[in-house]
Amino acid sequence: MARKGLAELLRLSERDDGAGLKGRAPLAPGTVSPPRPVPPHIVRPPYVSRSGTPDWDSRPQIQDAEGLVRMRAACNLAARVLRLAGSLVAPGVTTDEIDAAVHEATIAAGAYPSPLSYGTFPKSVCTSVNECICHGIPDSRPLQEGDILNIDVTVYLDGYHGDTSAMFTVGEVAPEARALCEATHEALHAAIALCGPGVPFKALGGAIQAVADAHGFGVVRGFCGHGVGKVFHSYPTILHYKNREGGRMVPGMTFTIEPMLTQGSAKERYWKDGWTAVTTDGGLSAQYEHSLHITHEGVEILTQL
């Protein structure tokens, strides 16, 4: 689950002319079912019992040996739940049905679905269809042939969050939609390939920007990767575009990289729910995400099965 870019928090994006839809009907809100119950024995993250969206934690997530064991378990579970969710993607399936499956699989493993009650977010997973950049709320809209869908799973297990997302295609999709998904996956792994102790965080944005530019796609600036571990969102801020952000990676650090690429405008606007971020011109958006651990030798992809 992405964190809003700090430099973008107060910016209000304007709607463009819808040229990016290219004949597609614009995405519209469906009916959102009530939040699903969580058994009382499941341990909740601290923010669940508090009002408001949690503050950004300025401390990096540095794992000791015990923390790394727990972090690996949480990330492995997130990856397995994501794989399950992806297996359900088909024309006619609703994102609410995917939410139900994610919720049940998460609590069956003794974990809490981290998005649920994160501030006002009402569901257990983020599902972002077509022009939705991120933080789409699962609802009653059936998936349609040709849609592309990001499923963003985060679980809280034994005191640690594991966070990952991937793109899924619904039936046959247009070549340009598939190319966008493939380029976004390429951009994520270009950034991961650079990770290791002493590497500056700004190098990641440069690598992602280079891949996007090579394929003619935009890079969303309004959301970023983040530290993850005992808290959901913390330092470092991982910008996905060329930047001058300070800071370097150190062994034991855990964080996400989660680039969002677009066909047209990389600017976002929000639906009235305050969460769903869509491209201003209706162009398609794609995102991939992994949780990572910096080792003494390089990097470990914690959410890769």
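Glycine too: its Cβ is placed from the backbone N, Cα and C atoms.
TrEMBL labels come from automatic prediction, so no person has curated them.
Worth saying up front: this structure is predicted, and the values here are computed from it rather than measured.
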Of ASP139, ASP163, ASP273, residue recorded by TrEMBL at the divalent metal cation 1 site of ASP152, GLU289: ASP163
Divalent metal cation 2 site partner of ASP163, HIS226, GLU289 (as recorded in TrEMBL), chosen from GLU186, GLU245, GLU258, GLU268: GLU258
ASP152, HIS226, GLU289 filtered to the binding-site residues whose C-alpha is within 10 Å of HIS233 (substrate binding site): HIS226
Pairwise Cα distance for GLU289 (divalent metal cation 1 binding site)/HIS226 (divalent metal cation 2 binding site) [Å, integer]: 11
Proximal but sequence-remote residues of the same chain as ASP163 (divalent metal cation 1 binding site) (Cβ under 8 Å, at least 6 apart): MET1, CYS75, ALA78, SER114, ASP152, VAL153, THR154, VAL228, PHE232, THR256, GLU289, SER291, THR303
Cα separation, HIS135 (substrate binding site) to HIS226 (divalent metal cation 2 binding site) (Å, whole number): 15
